[in-house]
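Reading through the structure tokens given below for one structure.
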Amino acid sequence: AVQQGFSAVFGGLNARAAGRMPPHSAERVRALLPIVLAMVAALVSYRWSLLTVSVSFTLTIKTLGPLFTMAFTLLLLRERTPASRALSVLPVVFGVAITTLTESDFHVLGLLAALLSTAAQSMQMVLAKSTLSREDLRIGKTELFYKVALYSLML
């Protein structure tokens with residue numbers, strides 16, 4: 001919450017100083033809400049994971065991010081990942097599988113929380129890419145960052 005608070009305050013101050021305070025229309029809020037929900041889910045489940053398993057285990061699971069990103073990109077944006085890039089993720093998947101099997105501090109809830117966090121973070125990135133490419137919204141990267149931080153703080 002502290003990070004989102006600082007991002008919202010400084011993003012708003014930056015936009016106000018530049019004279020381009022973006023509007024808070026209902027259409028923009030609806031477009032950003034899925035990104036906000038994914039971000040909050042990622043943050044909450046990440047901390048939940050840290051409470052139940054070791055930091056190293058959580059971070060190892062989070063290396064599966066590219067796998068989730070490729071899947072969500074295909075499902076939501078209909079963009080295919082080149083085979084060479086997809087194959088480069090396989091060693092990471094095998095490494096995570098070996099680590100999971102040999103982890104002494106293993107807990108199923110911690111694993112699920114880390115997986116949820118990783119999936120939600122990947123979803124957030126894919127949704128942000130989709131929103132930035134929408135011509136009807138004309139949202140820039142700075143505005144997206146500022147508004148997502150602000151709305152997640154309110155949630």
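Glycine residues also receive a Cβ, built from the backbone N, Cα and C atoms like all the rest.
If you check TrEMBL, you get these features:
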DOMAIN    20-155  domain 'Sugar phosphate transporter'
TRANSMEM  31-49  transmembrane segment
TRANSMEM  55-77  transmembrane segment
TRANSMEM  84-102  transmembrane segment
TRANSMEM  108-128  transmembrane segment
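In summary, the transmembrane segment (31-49) does not lie against the transmembrane segment (84-102): fewer than three C-beta pairs, each 6 or more positions apart in sequence, are under 8 Å. The average per-residue pLDDT of the prediction over the domain 'Sugar phosphate transporter' (20-155) is 89, rounded to a whole number. Mapped onto DSSP classes, the domain 'Sugar phosphate transporter' (20-155) shows 106 helix, 0 strand, 30 coil.
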